[in-house]
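K.L.:
Mind having a look at this structure? Questions to follow.
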Amino acid sequence: MSNLPIENIRSFSDAHPKPSALHFQYGTAGFRTLGSTLDSVIFRVGILAGLRSKRLDGRTIGVMVTASHNPEEDNGVKLVDPRGEMLEASWEAHATVVANAPTTDALLEALDALVKTAKIDLSKPARVVYARDTRPSGPALISALEDGFKALGVEARDGGVTTTPILHYLVKAINTKGTKESYGEDSEDGYYTKLSGAFKKLIAGKTKPDPLIIDCANGVGASAAAKLATYLGDSLPLILENTDITTPGVLNHACGADYVKTQQKLPPSLIDRLQPGQRACSLDGDADRLMYYYLDERGQFHMLDGDKIAALVAAFIVELVKLAGLESDVKVGVVQTAYANGASTKYLAERLPVKCVPTGVKHLHHAAEHYDIGVYFEANGHGTVLFSQQTQETFAKYEPSTPAQSTALNHLINLTQLINQTVGDALSDMLLVEVVLTHKSYAGAEWNSLYADLPNRLVKVVVSDRNTFKTEDAERRLVSPPGLQAKINELVLRYEGGRSFVRPSGTEDVVRVYAEAALKSQADELAFRVAGLVYDEAGGDPSKRPSEFLP
Ligand code: 16G
Ligand code: MG
């Protein structure tokens with residue numbers, strides 16, 4: 001067994017000192033905070049990624065530098081495991097320990113301890129592929145990351161400036177190259193060719209879709225969507241908006257998927273652009289979330305969020321499985337979180353099995369793997385569809401007995417190619433939605449009428465310590481602070497169609513309160529009353545007490 005290159009790591013690490021006052025945590029979305037504070041963290045992630053690769057016998061690990069939908073001054077980093085999935089949970093704790101070692105000596109000790117506990121064979125190769133989004137702090141952080149690679153001796157491949165889902169795709173494509181599970185050509189060209197090729201097959205012979213407006217959040221999705229458009233040709237006309245990736249301050253500002261979901265309104269920049277009845281969608285800053293919407297004839301805004309996407313897509317897939325004659329061999333299921341609109345859960349549960357899991361992509365992804373075809377979407381627009389290996393083999397072997405079965409089977413096979421199965425992917429999901437709308441001849445209004453959303457409201461509460469909030473039952477019930485859940489239950493009973501839950505955020509120092517009810521005013525009132533209870537139980541700054549609608 002070889003040793004860590006101590007002196008080499010030491011000299012690089014001295015150039016990337018940890019800011020003494022800060023504590024970093026590898027959370028739901030990796031490390032994420034102000035970009036200007038992340039130099040040491042990203043450097044150390046470079047080393048960590050190399051060690052993770054050595055631990056996995058030299059398989060390629062991904063590193064993505066992004067802060068997604070967060071404001072432009074934030075940045076972050078997350079690691080991607082060899083099959084294109086989120087980093088294994090036990091390594092999140094290792095990452096936190098390594099990031100917080102106060103000095104170079106402490107870092108070396110932490111690395112040494114990690115090598116021992118994780119039983120890492122240092123003689124194995126270390127391979128990493130990395131990329132970043134368009135944030136101004138990106139280039140400097142990438143050079144810190146590259147120092148981490150040099151410190152350990154990592155064979156690193158630069159994926160350039162690209163979307164998070166493309167980086168996940170690259171990781172899986174590299175690691176499956178030449179195997180029977182080959183995921184595609186390991187290049188951006190391979191990605192666009194795979195998606196656009198499947199899309200064209202899926203809509204062949206159908207009425208060509210009308211132009212679709214894409215709000216690119218002034219982020220990396222702008223360049224990715226522009227490239228995708230060239231591969232799609234006239235099979236799907238795209239109109240790109242919010243494509244400014246050079247002006248400081250505009251990334252995710254008053255645009256993008258998170259803006260649309262949280263404000264429940266049109267990005268102001270689209271007000272004169274979107275015609276009544278026309279479809280539009282918003283990506284987030286790293287293009288892994290998608291929100292659709294349209295204006296009706298009266299100019300009223302209607303949002304088609306992750307729940308509506310799940311309903312549209314799951315129903316379509318169930319129908320194809322039936323048409324193909326595979327109903328008894330292939331079971332389709334859906335995974336949601338507590339944030340899923342109650343009306344969507346009702347709609348879906350009447351048609352197929354639905355499971356609720358805690359917030360965060362890794363929870364949804366793992367639960368979806370238990371189905372033959374697992375559809376998962378968070379209400380915020382992050383989601384995808386997973387086809388198990390066995391299901392894909394069933395498709396390959398199955399002999400349809402009628403032309404109709406054969407057509408449905410081909411559609412299913414093409415869907416396995418169209419959908420980015422590594423992680424939620426706004427561009428791949430957008431093509432998927434367009435396929436279903438085309439097949440069904442649906443405009444936004446028909447899609448929206450699958451079910452009517454229950455009015456809902458999300459509120460944040462600043463408390464002194466969010467760690468005192470603990471939940472169970474997929475975050476739907478509080479177990480701590482003791483007694484608070486009983487008070488919430490009592491309140492909820494007073495509202496028709498009322499539902500509310502409270503959970504500590506995994507990405508911000510706040511507690512989130514969600515409420516829904518039959519009427520908008522009631523949902524608002526319930527949310528603020530529950531927020532008031534939370535505040536009284538675990539109060540912080542009196543100026544931040546949620547006051548709206550409170551007596
Ligand atoms: C992160 C998660 C997302 C989740 C959100 C919740 C990943 C890749 N992303 O963005 O799935 O919905 O956090 O944020 O896991 P919260 O804990 O602050 O409510
Ligand atoms: Mg994102």
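Glycine is treated like the rest: Cβ placed from N, Cα and C.
Just lifted these from TrEMBL, have a look:
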{"type": "DOMAIN", "residues": "61-90", "note": "domain 'Alpha-D-phosphohexomutase alpha/beta/alpha'"}
{"type": "ACT_SITE", "residues": "Ser68", "note": "active site, phosphoserine intermediate"}
{"type": "BINDING", "residues": "Ser68, Asp284, Asp286, Asp288", "note": "Mg(2+) binding site"}
{"type": "DOMAIN", "residues": "103-178", "note": "domain 'Alpha-D-phosphohexomutase alpha/beta/alpha'"}
{"type": "DOMAIN", "residues": "187-290", "note": "domain 'Phosphoacetylglucosamine mutase AMG1'"}
{"type": "DOMAIN", "residues": "305-442", "note": "domain 'Phosphoacetylglucosamine mutase AMG1'"}
{"type": "BINDING", "residues": "Glu378, Ala379, Asn380, Arg503, Pro504, Ser505, Gly506, Thr507, Arg512", "note": "substrate binding site"}
{"type": "DOMAIN", "residues": "459-531", "note": "domain 'Alpha-D-phosphohexomutase C-terminal'"}
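Can you tell me where each of these features sits in this structure?
P.N.:
In the predicted model, the domain 'Alpha-D-phosphohexomutase alpha/beta/alpha' (61-90) shows an average pLDDT of 97.
According to DSSP, Ser68 (active site, phosphoserine intermediate) sits in a coil region rather than a helix or strand. Cβ neighbours of Ser68 (active site, phosphoserine intermediate) (same chain, under 8 Å, six or more residues apart in sequence): Ala29, Arg32, Gly76, Thr164, Asp284, Gly285, Asp286, Asp288, Arg289.
Taken residue by residue with DSSP, Asp288 (Mg(2+) binding site) is part of neither helix nor strand, so it is coil. Residue environment of Asp288 (Mg(2+) binding site) contains 32 other Cβ atoms, counted within 10 Å of its Cβ in all protein chains.
Sequence-distant neighbours of Arg512 (substrate binding site): residues of the same chain at least 6 apart with a C-beta under 8 Å from its C-beta are Leu458, Val459, Lys460, Val461, Val502, Arg503, Pro504, Ser505.
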K.L.:
Which ones in the same chain are close to Gly506 (substrate binding site), with CB under 8 Å and 6+ residues apart in sequence?
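P.N.:
Expected: Gly27, Thr28, Ala29, Thr359, Gly360.
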K.L.:
Six or more residues out from either end of the domain 'Alpha-D-phosphohexomutase alpha/beta/alpha' (61-90), which same-chain residues have a Cβ under 8 Å from its Cβ atoms?
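P.N.:
26, 29-36, 38, 41-42, 45-46, 48-50, 52-53, 127-133, 135-138, 141-142, 145, 164, 167-172, 175, 183, 217, 220, 248-253, 256-258, 284-286, 288-289, 361-362, 365, 421-423.
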K.L.:
Report the recorded positions (Ser68, Glu378, Pro504, Gly506, Arg512) that meet this criterion: Cβ distance to the nearest atom of ligand 2 under 6 Å. Use sequence order and write none if nothing qualifies.
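P.N.:
Among Ser68, Glu378, Pro504, Gly506, Arg512, near ligand 2: Ser68.
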K.L.:
So around the Mg(2+) site, Ser68, Asp284, Asp286, Asp288 aside, which residues have their CB within 8 A of the centroid of those CB atoms?
P.N.:
Thr66, His69, Asp133, Thr163, Thr164, Gly219, Ala257, Leu283, Gly285, Ala287, Arg289, His382, Ala426
K.L.:
Just to be sure I understand the contacts, which binding-site residues have a Cβ under 6 angstroms from any atom of ligand 1? Candidates are Asp286, Pro504, Gly506.
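P.N.:
Those binding-site residues that pass the cut-off, since their Cβ is under 6 Å from ligand 1, are Gly506.
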K.L.:
I'd like the Cβ neighbour count for Asp284 (Mg(2+) binding site), meaning other Cβ atoms within 10 Å of its Cβ, all protein chains included.
P.N.:
32
K.L.:
Over all pairs in Glu378, Ala379, Asn380, Arg503, Pro504, Ser505, Gly506, Thr507, Arg512, the listed substrate binding residues, work out the largest Cα-Cα distance in Å.
P.N.:
17
K.L.:
Pick the one among the binding-site residues Asp286, Glu378 whose Cβ has the fewest other Cβ atoms within 10 Å in this structure.
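P.N.:
Candidates: the binding-site residues Asp286, Glu378. Fewest Cβ atoms within 10 Å: Glu378.
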